[in-house]
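Look at TrEMBL and you will find 7-76 tagged as domain 'Release factor glutamine methyltransferase N-terminal'. Per TrEMBL, domain 'Methyltransferase small' is recorded for 98-193. Annotation comment: TrEMBL describes D142, N190 as S-adenosyl-L-methionine binding site. What TrEMBL records for N190, P191, P192, Y193 is substrate binding site.
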Amino acid sequence: MSTCEALLAWGREELGRADVPEAQLDAWYLLEECSGMSRAAYFLRCKEEMPPEKERIYREWIRRRTERIPLQHILGKAWFMGMEFLVSNQVLIPRQDTEVLVEETEKFLRPGMRILDMCTGSGCIVLSLLALHPEIQGIGADCSGEALEVARKNAQKMIREGKISPGQIQWIQSDLFSEVTGTYSLLVSNPPYIPTGEIEGLMPEVRNHDPKIALDGREDGLYFYRRMIREAGRVLEPGGRVCFEIGHDQGRAVEALLKENHFAETKIIKDLAGLDRVVTARSRGI
C-alpha cells in the first residue's frame with residue numbers, strides 16, 4: 001500500500017510524462033474524488049496509507065487519463081455554473097467559457113418567459129438558467145437521442161436536489177427547429193462551430209472523445225448559425241432575443257448573418273481571454 005502523498009506524487013509524474021495539460025491539478029482532482037478527502041483533510045492525513053481498493057481505482061484512473069481520456073469522462077461528471085452535471089461521451093463536456101453565454105443570457109430573462117435551448121447536449125445551459133431563474137420555463141432540443149438521455153438525467157437530478165421544479169423543463173428531439181412548436185421569448189444555443197478541417201488539430205481530449213456531431217460546424221463553422229438565424233423567425237416572439245456561443249474569430253461573421261436577417265441590437269461579447277465568445281441580438285419580428 002502507498003501513502004496518499006506518495007500516490008499523488010506518482011499520479012502527477014505519470015500525467016506529466018504523458019504531457020497531460022494541468023497534470024498536477026488533474027492528479028489532485030482524481031485523488032480527491034477517489035479518497036473523498038478535501039484538500040484540508042489531505043494535509044492532515046497525507047502520510048496515511050490509501051486503502052488497497054481505492055489505490056487500485058486511483059491508479060486505473062491515472063492510467064486512463066494518460067490515454068487522454070477527459071477527466072470529466074473518467075469521473076462521469078463536470079462542474080458548470082457552480083453545479084454538478086452528469087456527462088458521457090454522447091455530449092460535449094460543459095466548459096467554463098460557456099458560462100459567459102449563460103451570464104449574458106441572464107440579462108434578458110424576465111418572469112414568465114419561455115426559452116429554447118437549441119443543441120442542448122447535456123442540458124447544462126438551459127438547466128443552469130432555470131435553476132438561477134425559477135420563474136421561467138425552458139425547452140431543450142437536440143438531434144441526438146443519446147444526448148437527450150443525459151440531459152433528462154441531469155434534469156431529474158436537479159429536481160431531486162430542489163434546484164428546479166418538474167414543470168420547468170421539457171425535451172424535444174429535433175433537427176434544429178423541425179419538431180419545435182410554439183414561440184419563445186429567447187433562443188440560446190452553443191451549436192457545433194468548429195470548421196471541419198480544424199477538428200483534427202484539436203486536443204486529443206476533444207478530438208477523440210467529444211462527439212463529432214457536437215463539434216463539426218461544416219466547412220467554415222457557420223452552417224448551424226446560418227440555419228438557425230434564417231429559421232428563427234418562426235419560433236421567436238416579435239422582439240425575441242438570440243444568444244449564441246461562437247468561435248474565437250466568428251463574431252463579425254455571425255453578427256453579419258444576424259443583420260442580413262433583420263436582427264437588431266447585435267452585440268459581440270468577449271471572454272476573459274479577450275476572445276469573441278458570445279453574440280446577442282433582438283428580432284425585429286419581420
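A Cβ is built for glycine as well, from the same backbone N, Cα and C atoms used for every other residue.
Counted with DSSP, the domain 'Release factor glutamine methyltransferase N-terminal' (7-76) comes out as 51 helix, 1 strand, 18 coil. Apart from N190, P191, P192, Y193, the substrate site neighbourhood in this chain, defined by C-beta within 8 angstroms of the site C-beta centre, holds C119, S189, I194, A214, L215, G217, F224, F244, E245. The CA atom of P191 (substrate binding site) is located 10 Å away from the CA atom of D142 (S-adenosyl-L-methionine binding site). Around the Cβ of Y193 (substrate binding site), 24 further Cβ atoms fall within 10 Å across all displayed protein chains. Around the Cβ of P192 (substrate binding site), the same chain contributes C119, I213, A214, L215, D216, G217, Y223, F224, each under 8 angstroms and 6 or more positions distant in sequence. Take the CB of P191 (substrate binding site) and look out to 10 A: across all protein chains shown you find 20 other CB atoms. D142 (S-adenosyl-L-methionine binding site) sits 15 Å from Y193 (substrate binding site), counting Cα to Cα.
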